[in-house]
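The structure under discussion appears below in the form of structure tokens.
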Amino acid sequence: MDGPGRHRRKRFGHPALQLGKEGTGRAAPQKPATRTGKRDPETGRRLLRAREHPPKVTFPLVHELAADGIDVAVACRVLNVSRSGYYDWRDRPISERDRDNELLLKHVEQIHADSRQTYGSPRVHAELTLGLGLPVNRKRVERLMREAGIQGLYRRKRARTTIRDPAAEPAPDLVNRHFAVTEPDRLWITDITEHPTAEGKLYCAAVMDAHSRLIIGWSIAGHMRTELVTDALGMAIIRRKPDHNATILHSDHGSQYTSWAFGQRLRAAGLLASMGTVGDCYDCETVFRRSSPA
């Protein structure tokens, strides 16, 4: 014969599984979960609290602070982790996976530094797999970079300021992307940039000396007509007075630079015209990023 409590209904401890007041056996309704993270009023993004970061990210930071003389208890309290958890992490033997991650992260940091902090995870992953021959998953690289706070630079879409004249005869490429020169006024580079303002768009044409990286001529206007670039070139010629047939002026294939008026101004000053490859935005734009006003 069965014992008296054998078929007794088991009473679960979780409140959501308790019997209702009427004994219907239905789960008690749960309250909707509330998010603990606050939001940035300007961006609308959640502000992560310290507890939302995994311990394997926070504990190394505690270790670094302790090495700098910060009390472990203070560091743990500020970062919202337990001291016992930190000491367990510190005294635990390093797993082979963690050791591999440390070595991989060193490669990632070196590649990112060599790119002048411009490479994101896709390019870093390509350097690891194709350059170093390391068989590593791209998501693993993304995770390591995210946990280490390593980010690349993402260029905003640049307005199209180069409109090529199909009927114009382009100048040859005398530079071939070799922008390093040993003397001033041997290579000038010119380009047009767009700048949105409250009153509308403004366009700036500039001429830069490749040796000193100084802007030696410029012009600003609300249009991109040929006089925008001829005015900038005129300022550079007046300020630098280059020798005839000694200075190369490198530009893109924009219609302003292939116009008759611009070519005439070049020939009158004895400058040698040069144009980069069609559609290569890196020719002039990349060099101008490291320019300085004269």
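Just so you know, the numbers here start at 1 and follow the chain as drawn.
Using the three backbone atoms N, Cα and C, a Cβ is placed for every residue, glycine included.
Note that this is a predicted model, so its numbers are computed, not measured.
According to TrEMBL, the protein has these features:
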| type | residues | note |
| --- | --- | --- |
| COMPBIAS | 1-13 | compositional bias 'Basic residues' |
| REGION | 1-52 | region 'Disordered' |
| COMPBIAS | 37-52 | compositional bias 'Basic and acidic residues' |
| DOMAIN | 180-294 | domain 'Integrase catalytic' |
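Sorting the domain 'Integrase catalytic' (180-294) by DSSP state (H, G, I as helix; E, B as strand; all else coil) yields 32 helix, 40 strand, 43 coil. Per-residue pLDDT, averaged along the domain 'Integrase catalytic' (180-294), amounts to 84 for this model.
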